[in-house]
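These notes are about the structure you will find just below.
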């Protein structure tokens, strides 16, 4: 009996993180790394938006990529604002009419999480669309139209709002005016109701289920796409001896495309796995929540998750540049030659990596 109590106590201490370490991790992830990476991500997604707009919106895939770029762009702006609000330069000031950390949590963190969810779902939709293009090319034009794509993307945005904001529109978390008698001021800060923890537990369980489902779908579609591309490449190679060289070139392009999609999916899965892990912890570990028993552990885990999500929103340009000849040609007309040279070096490294896979 004593041994069990001792083991339980040890487990509790294993999850105990000091306030100093928590603040250091939060400062590095939220205030330093993520905003700096977000600046680069904003620039890359502005380029992505312009390029896919120039490609035209008559194709559904361009609409999807354009929406994805706008979603990443909005999320990165929220990321920078949240980093500013978390900065000690603002958080320690007592002459402001608001608590920068509390306000940034509501107006920066929640919208950022919303946009990351939508980013993940749009990526899953793009993967499904591409898989369908390879598996059933004769029906893709009639099944996947620009109008239907716009409708689906709108549904994804609506679903993200429903899943992400219940603790706000149900009043679980809110901003209200607080009184600081020590500094003789009134400021806008964060408050929560008693039912916040129960509502938040249900919300995080739904988040975990949706993200795990998204991961499964994108892995399955990526595998199916890869297999279909390999089969079609072999069929083209054997279909006509007179076109062997063309078939080999096409097979090479298909193989590169499939490996790039696998890379795109792998980046997504690795980047969002910490988020899904945190959602599972919030639903399974009692006290793993804001103001909960493991508040510091909660903050540290979400700090790393936040940083990983920021990285994936920044890498899209490099992946598009490597996988799309049309994108690369448009890109060369928009940016200086120096940037193109840097991306060409990166592309050669990627090609070397693909050959080793």
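Each Cβ is built from the backbone N, Cα and C atoms, and glycine gets one as well.
Remember, predicted model here, so these are calculated numbers, not experimental data.
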Item to check | Residues flagged as transmembrane segment in TrEMBL, choosing from 4-23, 24-43 | outcome: 24-43
Next on the checklist: Could you tell me the mean pLDDT the prediction assigns to the domain 'G-protein coupled receptors family 1 profile' (44-320)?
Outcome noted: 79
Checklist entry - What residues in the same chain, six or more past the boundaries of the transmembrane segment (24-43), come closer than 8 Å to it by Cβ-Cβ distance? => result 72-73, 76-77, 79-80, 82-84, 86-88, 299-300, 303-304, 306-307, 310-311, 313-314
Next on the checklist: Using Cβ atoms and a strict cutoff of less than 8 Å, what residues sit near the transmembrane segment (63-84) while being 6 or more residues removed from its termini?
Outcome noted: 30-32, 34-35, 38-39, 41-42, 45-46, 48-49, 52-53, 57, 90, 100, 104-105, 107-109, 111-112, 115-116, 118-119, 122-123, 125-126, 129, 146, 149-150, 153, 306, 309-310, 313-314, 316, 320
